[in-house]
């Protein structure tokens, strides 16, 4: 028996008050639907079917990299109708698991428990007990605790509304069962929809075993209906990430002011992360790294014993061991800092390698530049890499000393151990071991007086 997963993602999401389809809104930097797909893949299904509707072409365009089978539900007539669109693509002997594109934190542990504890010919649902179950379907049991049916909130009687055990919507049974039950559904209810939950009563009526598996926590089965629910779930997720990292030996100064936006974040023990830090995409931090407040790291690797000072923004960079960056530094894609390099305040780099032990301490732009070892780049230095049409490369060889307020008009090479005088504008190569100065000689004009204002 193989496993087919059906993810229902066709809801309109009106309460999000957004032109973006609900399932494309991110949680922890990843779209809601993608999170559910990633979890489903951990179960090793042979196929993942996604039933989409609202904003369909936009959803497929944005998430076309996902390994799923897309099925359009042109009319949103309820969850039962949505599953009916996908079930013809499932083999009769398949075990079918039904998930929801707006329930992003469901855990593989709970899903495995559901699959393992549901008889091969039975039906299983994930249930949860909530302090306030308003708006959610209730689990109806007999005196022996057996599940009899699920009643939606709008269709529930007064005594049923007092029940706190709710249906999460997550369900598993065989494809053969669904092919038998789904055509029997009707829309004789308050919402005039075909409810998937009505299959529970059909299963009970024919003696099919029905069981429930409890969710580990309320948050893992929390659906996202509006921005506020998404915000609360985001904070819960970030606290989970902070706790996971802390238990692995990372110091998170304030878990309430920490954001991890991506699933490929690897942080070694003894790293210290200050407040308002955002880690996005693929981020790797080695031992003893210190990240100051208000730092953004995206798709970046940082070597051991390196310190990133406050308010630095770093994207797609490689920073090796024992480096110092910032405060207020910006490293753009393609930046590489070799071991012991230093980038100070208000320095911007792009497609530039700063060699071992080299430093650019202040107020500098380095673009399309290869810098060797033990180079000093003075304050106010600019590599002029763009001529209005093309980018050109600058090379600064080992041991060079670049004075303050120097403009290097690429393409050019500054030779090994060369010294460039402050205020120079170079448009030709500077030879090694020599002082090169490219500026007008200072002169004083005798007898000159400042102009005076006319009366």
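Each residue, glycine too, has its Cβ placed from N, Cα and C.
According to Swiss-Prot, the protein carries these features:
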{"type": "REGION", "residues": "1-227", "note": "region 'Pyrophosphorylase'"}
{"type": "BINDING", "residues": "8-11, 22, 73, 78-79, 100-102, 137, 152, 167, 225, 332, 350, 365, 376", "note": "UDP-N-acetyl-alpha-D-glucosamine binding site"}
{"type": "BINDING", "residues": "102, 225", "note": "Mg(2+) binding site"}
{"type": "REGION", "residues": "228-248", "note": "region 'Linker'"}
{"type": "REGION", "residues": "249-455", "note": "region 'N-acetyltransferase'"}
{"type": "ACT_SITE", "residues": "362", "note": "active site, proton acceptor"}
{"type": "BINDING", "residues": "379, 385, 386, 404, 422, 439", "note": "acetyl-CoA binding site"}
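Structure coloured by features recorded in Swiss-Prot.
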residue : record                                        : DSSP class
8       : UDP-N-acetyl-alpha-D-glucosamine binding site : strand
101     : UDP-N-acetyl-alpha-D-glucosamine binding site : coil
225     : Mg(2+) binding site                           : coil
362     : active site, proton acceptor                  : strand
376     : UDP-N-acetyl-alpha-D-glucosamine binding site : strand
386     : acetyl-CoA binding site                       : strand
404     : acetyl-CoA binding site                       : coil
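Other C-beta atoms found within 10 angstroms of the C-beta of residue 225 (Mg(2+) binding site) number 16, with every protein chain shown included. Ranking the binding-site residues 8, 379, 422 by how many other Cβ atoms lie within 10 angstroms of each Cβ puts 422 at the bottom.
Restricting the recorded positions 102, 362, 379, 385, 422, 439 to those with a CA within 10 Å of the CA of residue 11 (UDP-N-acetyl-alpha-D-glucosamine binding site) leaves 102, listed by sequence position.
Close to residue 362 (active site, proton acceptor) in the fold, though at least 6 residues off in sequence, lie 344, 345, 346, 347, 379, 380, each with a CB less than 8 Å from its CB. Cα of residue 422 (acetyl-CoA binding site) to Cα of residue 376 (UDP-N-acetyl-alpha-D-glucosamine binding site): a distance of 12 Å. In sequence order, 137, 189, 190, 191, 195, 197 are the residues near residue 152 (UDP-N-acetyl-alpha-D-glucosamine binding site), counting only same-chain partners six or more apart with C-beta under 8 A. Closest in space to residue 78 (UDP-N-acetyl-alpha-D-glucosamine binding site), of the binding-site residues given as 225, 385, 404, is 225, taking the CA atom of each residue.
Residue 376 (UDP-N-acetyl-alpha-D-glucosamine binding site) sits 19 Å from residue 385 (acetyl-CoA binding site), taking the CA atoms of both as reference points. Cβ neighbour count within 10 Å across all protein chains ranks 385 highest among the binding-site residues 376, 385, 404. Of the recorded residues, residue 102 (Mg(2+) binding site) and residue 8 (UDP-N-acetyl-alpha-D-glucosamine binding site) place their C-alpha atoms 9 Å from one another. Put simply, 332 is the one of the binding-site residues 8, 101, 332 whose Cα lies nearest to the Cα of residue 386 (acetyl-CoA binding site). Of the listed binding-site residues, namely 332, 439, the sparsest CB environment within 10 A is found at 439.
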